[in-house]
Amino acid sequence: MASNHKLVCARAARQQFRGAFQQAVRDYRLAKLSASTLKGLDAFLPDGLSFLPLSYLYDGEVARFAWEGAVTKENRDACDRQTNFRVMARTRPLQEQEVDSKLYESLSSEGGNHSIIVHDGRVHRDGRTIYTNHSRFCLDRVFPQDASNPQVFEEAAEPLLNFALQGGRSTLIFFGQTGTGKTYTARGVLDDVTKKVFLQTAEVEMCCYEMAGTRGGREAFFDLLADRAQVKCLTGEDGNVHVRGARRVKCQNAGELHQAIEAAFSWRSSECTERNEASSRSHCILELHLACEDENGLLRVVDLAGSERNFETQMHSKSMAERGGLINYSLLMLKECARVMHNQVKGAREKEIHVPFRSSRLTHLLRSSFTDKYHMTTVVATLSPSPTDVEHSLNTLQHVGMMRSARAWEMQDTEAMAAMEDAISEAKTAKGFDAVQGRGRALHSKLQDARKGQLDLHAFQMKTQVGGSIIKKYEGESAKLETFIDARWHRELKVKVQEDLWVLRDADMEATQVLSDWRKEQWTASKAHDLHRWDAQTLQSFLKSLDLPGEVRIPSTMTGSQLRRLGPRGLAALCGDVATAQVLQAALLGERQADQVATAAHRSQNARMTALGNHKVHAAVDEAVFEEAPF
Ligand SMILES: Nc1ncnc2c1ncn2[C@@H]1O[C@H](COP(=O)(O)OP(=O)(O)OP(=O)(O)O)[C@@H](O)[C@H]1O
């Protein structure tokens, strides 16, 4: 092969020796073609005989690799894979300047478009030999270069849209190197979503925000529909992380939605870089809340900023470099989460490893997309076919591969799909105090924050009001570890308190908001049976709900307290006959009793919550529960 002992950079080598590398790619593709033909004869010939011609014709390694790739188990598995988490890849065509530089294509797809091969041209350590590594990645779908945006929509986004239209939560994530077509694909897909969504729903609420850096160099979310006002990322009552305070635009037809999307993208931070004339400098998250029968469905489209390497950021200004640093950090954390989840599945599943979702706001927000089996997620990895970008392509594919394998357990989890329907309907019907269970995480954080000064306490376990339990441990060097186990979801959250201060501050805000919302709900519930607080409308609907035997002449402007002041005689005077008066009296008495019960329950729950907040566990827990709790 060609030699040049001065040359050690693979990127430069791929350009300089493109003829040799191109030949290697051609050889591989031919070997692949021959392997597919010979595989057909495999059934008629003795074992191993069909492989022989291939091994004579091509280099040993290449022949073996092409043979394995012809019909591998992974490819078959990829075709049959039925999970809520899918990973796809889209390669953009070579750009004009790349064609001008006579660059060849370093990616090929095979296995019925379920796997992608990266042809990685390299220089040997001796600086004289060049060789090509072929790496195969099996995915759920590989889009050919000539695939159009509607095709991507049909396979990647339409199932997510349909799921959201049934009340589910779904996320489409675009992930990859800068300048590979994330925004191009996201915009194309959103155009198709805009056209299709109104065929099945009458109203869509849209919000759009981006994650970028603040002046102080911290990650923050900015509302793209409200002049980039800063918004907060908090845990909601369903246990998922949401951005709070973002403006929601109601759209009733495709034109309005299209306009809102255009407006949001016009506010998105983008700059001209070496690799892309309009490179996104933030992670953009667009949410469509779809009106369904019982509960709103959610479709989230996440267009991540592109990953960059040092040689691509030489011309960046200081502020661009700072923002780039934050983007790279959040992407790094996303990859780290993928790596940890992958290791967890690959290694000992019985040993829970902490996945650092809270280390970046991006991963915090996307956590449920990766961990919740009832959340439908598709990750589209965008790739550049240029041989100068092979490192990027390998990196992207390795990480999306890890994300995919991290959810491999779902394939065995045959009940998952059936249980999904149940879970959705369960979530829809959950009411009152039950609904607080999903807020356990926030309550836990609040408690954790309130007690951070009490390191003298050794260890204890307690049942919480929300049906979970908290185990607190104090370990060496005063590092405090808390484990919250939510009884309903069986999730575990371990927080090393002294490590991340912003986690605590956020957790406190979350808990405060969640608890005040809950209190408000309790307050509204406690009012429901209180006649004093009924307005005229509530009184009229109460009367309508009663099956009164005769007529009652209560003026339409009369409120609950006015009715109460009438007394039994006044009430009887308004009723057409005695029987009607008696039924009405009995119904009002029933309401009064229900009011007394609700007020007593409200008072007790309030007192227990306060006691829990003040660390008076004994006062806060029901005696029966308290006895059961193992200390
Ligand atoms: N599949 C495709 N077909 C044709 N052109 C494409 C395709 N994908 C991307 N491009 C072109 O490549 C260029 C870069 O695309 P885009 O801005 O979407 O990249 P990006 O991945 O979002 O980059 P960044 O991360 O820097 O924002 C654009 O000019 C776009 O038109």
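The backbone N, Cα and C atoms fix where each Cβ goes, glycine too.
These come from TrEMBL:
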type	residues	note
DOMAIN	84-406	domain 'Kinesin motor'
BINDING	GLY176, GLN177, THR178, GLY179, THR180, GLY181, LYS182, THR183	ATP binding site
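The structure, with features from TrEMBL marked on it.
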residue	record	Cβ within 10 Å
GLY176	ATP binding site	30
GLN177	ATP binding site	24
THR178	ATP binding site	25
GLY179	ATP binding site	25
THR180	ATP binding site	28
GLY181	ATP binding site	24
LYS182	ATP binding site	26
THR183	ATP binding site	23
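Secondary structure from DSSP puts LYS182 (ATP binding site) in a helix. Taken together, the residues in the domain 'Kinesin motor' (84-406) have a mean pLDDT of 82 on the 0 to 100 scale.
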